Amino acid sequence: MSRNSYIQQSSDIQAAGGLVPMVIEQSARGERAYDIYSRLLKERVIFLVGPVEDYMANLVVAQMLFLEAENPDKDIHLYINSPGGSVTAGMSIYDTMQFIKPDVSTICIGQACSMGAFLLTAGAKGKRHCLPNSRVMIHQPLGGFQGQATDIQIHAQEILSIKARLNELLAYHTGQDLETIQRDTERDNFMSASRAAEYGLIDSVYDKRQLAS
């Protein structure tokens, strides 16, 4: 392969990596093109993919609020594939899930770790699911801070406060007692989909979609 051919191929791969598929919808008024995520949003499907951070959280919150305004009585489906991330960003999604009127059904595809696992279990009771080869991981919050000793102490106390609150909420959503949650989140705790169901993080493992007859 020549150098020019290699450069061209590398460029094509990079372009494909950022490509969002488009779908065409036919109607009496003609054709309309949607990117695939906007089209799925019409079906009340939201994707939470990648690290949980402020910008992504704002997009997820905005989509949930929009779908509530569209129809407050119809479920929202939140697909999660995330290694976790910011606690404050995740809590903005969590609080919105609890605040809005529609039930939020959560489905883990791939992985739901740390804050991703927390949001997975925060779905409506009976509507929290994993695909069979998904992985779920819970642990205590991570933190790091540099500065004066007093400031380090303040931030350490804040992390401990966040840890206590997350453990309380995990206990509430899973049905586990607080002591069990405290013990099981002390270190990274990986679970299979079936184990996550036994633990109470989810309600069921989906092998096949259940189609309405």
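Every residue number used here counts from 1 along the chain in the order it is shown.
Note: Cβ is positioned from N, Cα and C throughout, glycine not excepted.
Summarising the annotation, Swiss-Prot assigns active site, nucleophile to Ser114. The active site annotation in Swiss-Prot covers His139.
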For His139 (active site), the number of other Cβ atoms found within 10 Å of its own Cβ: 18
Where Ser114 (active site, nucleophile) sits in the secondary structure, as DSSP reduces it to three classes: coil
